[in-house]
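Worksheet: the structure to be examined is printed underneath.
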Amino acid sequence: MGKSAVLELAEDLISRPSVTPEDAGCQELMIARLKAVGFRVTRLPANGVENFWAERGGAGPRLCFAGHTDVVPSGPLAEWQNDPFQPIIRDGMLYGRGAADMKGSLAAMVVAAERFVALHPAHSGRLAFLITSDEEGIATHGTRHVVDWLREHGETIDWCVVGEPSSEKVLGDVIKNGRRGSLNGRLTVHGIQGHVAYPDKADNPIHRAFRPLADLVDQSWDAGNDFFPPTRLQFSNIHAGTGANNVIPGQLQADFNFRFSTESTPESLQAGVHKILDASAMRYTIDWQLSGPPFFTAPGPLVAATQKALQAVEQRVAQLSTGGGTSDGRFIAQLGGQVVELGPVNATIHKINECVAVADLEHLAQIYMEIMVHLLETANGR
């Protein structure tokens, strides 16, 4: 028995070393397949990043499948059981960098579209793809760039399925129907450098920062809601000092991150931080960077179609979740449509010996096609 179309495409994509922001020819491979079944393709490169928008159909609601061709670095090659860019199958698992995050999903999307078009060549609505090579990196010139282009052209997306590896233990046990926002801050506490033997001639920023930093950690920012856990602040880096044990440092720098719910806004969190720090006696500055606001898709047509697809293929009812890190869904949601994430099991993503179950690839293609059928055909009375 030969390999399935999904497996063959997944292997071809994995074999291309597209370490972020490189694409290594992955998108041209996808574009050729999509053009062959009638998709109109617009390439949207930006600052060394490869992006494309592909669409089929002329009018009606738009269903988009989104994903990224870039992968994280492989890590130490000696620790891999195989070359990370020479995919192999072992014990029913496909191994290679990007197998789960997210070249397996990309292969499933493309094959699902091919099969859908073969069965429904005159389908209602519009079927689209939004693909980038800048998701694992700074994510500035990728999906965000394509979304800006769509907005400039007055285009919207009604429904979007992002192929991120959402599953926890088995395929389709979790659907991500939202993500928390992410806000970064770099706090600099300004002191006066001096000799530790003469503290009255210096101003120690470490001492100044102790209580305010503890107050930030202890602060309750919000209580969350039915769909999001409470907003949390975490410090990731703190640095002060020259390395010498007889020098009071002149400044302290602390990096922190908020993962925040829809109960908070970047503005409310910034105001809360400044209120706590202003109550202290220290001199400070903060540089803020918003990675993305939270987004949430309430149960509706897209969630229902995704659940029905999972029931049809996997006989499974998925848990809806907003947990985990950020994704490109945060940019797509700004166009006003419904967004979910559904993809393979995420147990090995970004790890040595990343892998995906071969059987799950075929099932995922079936699930994606069922979503297409439900939203573009069944829901429209076709």
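Just so you know, glycine gets a Cβ as well, placed from its N, Cα and C.
Per Swiss-Prot, these features apply:
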type: ACT_SITE; residues: ASP70; note: active site
type: ACT_SITE; residues: GLU135; note: active site, proton acceptor
type: BINDING; residues: HIS68, ASP101, GLU164; note: Zn(2+) 1 binding site
type: BINDING; residues: ASP101, GLU136, HIS350; note: Zn(2+) 2 binding site
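Within 10 Å of ASP70 (active site), judged by CA to CA distance, lie the following recorded positions from the set ASP101, GLU135, GLU164, HIS350: ASP101, GLU135. The CA atom of GLU164 (Zn(2+) 1 binding site) is located 11 Å away from the CA atom of GLU135 (active site, proton acceptor). For the Zn(2+) 1 site, the Cβ centre of HIS68, ASP101, GLU164 serves as reference, and the other residues of the chain with Cβ at most 8 Å from it are GLY67, MET102, SER105, GLU135, GLU136, VAL162, GLY163, PRO165, SER327, GLY343, ILE349. Within 10 Å of HIS350 (Zn(2+) 2 binding site), counting CA to CA, the recorded positions HIS68, ASP101, GLU135 contribute ASP101.
Around the Cβ of GLU164 (Zn(2+) 1 binding site), 28 further Cβ atoms fall within 10 Å across all displayed protein chains. Neighbours of the Zn(2+) 2 site: apart from ASP101, GLU136, HIS350, residues of the same chain with C-beta atoms within 8 angstroms of the site's C-beta centroid are VAL71, VAL72, GLY98, MET102, ILE349. Long-range Cβ neighbours of GLU135 (active site, proton acceptor) (same chain, at least 6 residues apart, Cβ-Cβ under 8 Å): THR20, HIS68, ASP70, GLY142, THR143, SER327, ASP328. Sequence-distant contacts of ASP101 (Zn(2+) 1 binding site), defined by Cβ-Cβ distance under 8 angstroms and a gap of at least six in the same chain, are VAL71, VAL72, GLU164, PRO165, GLY343, ASN346, ILE349, HIS350, GLU354.
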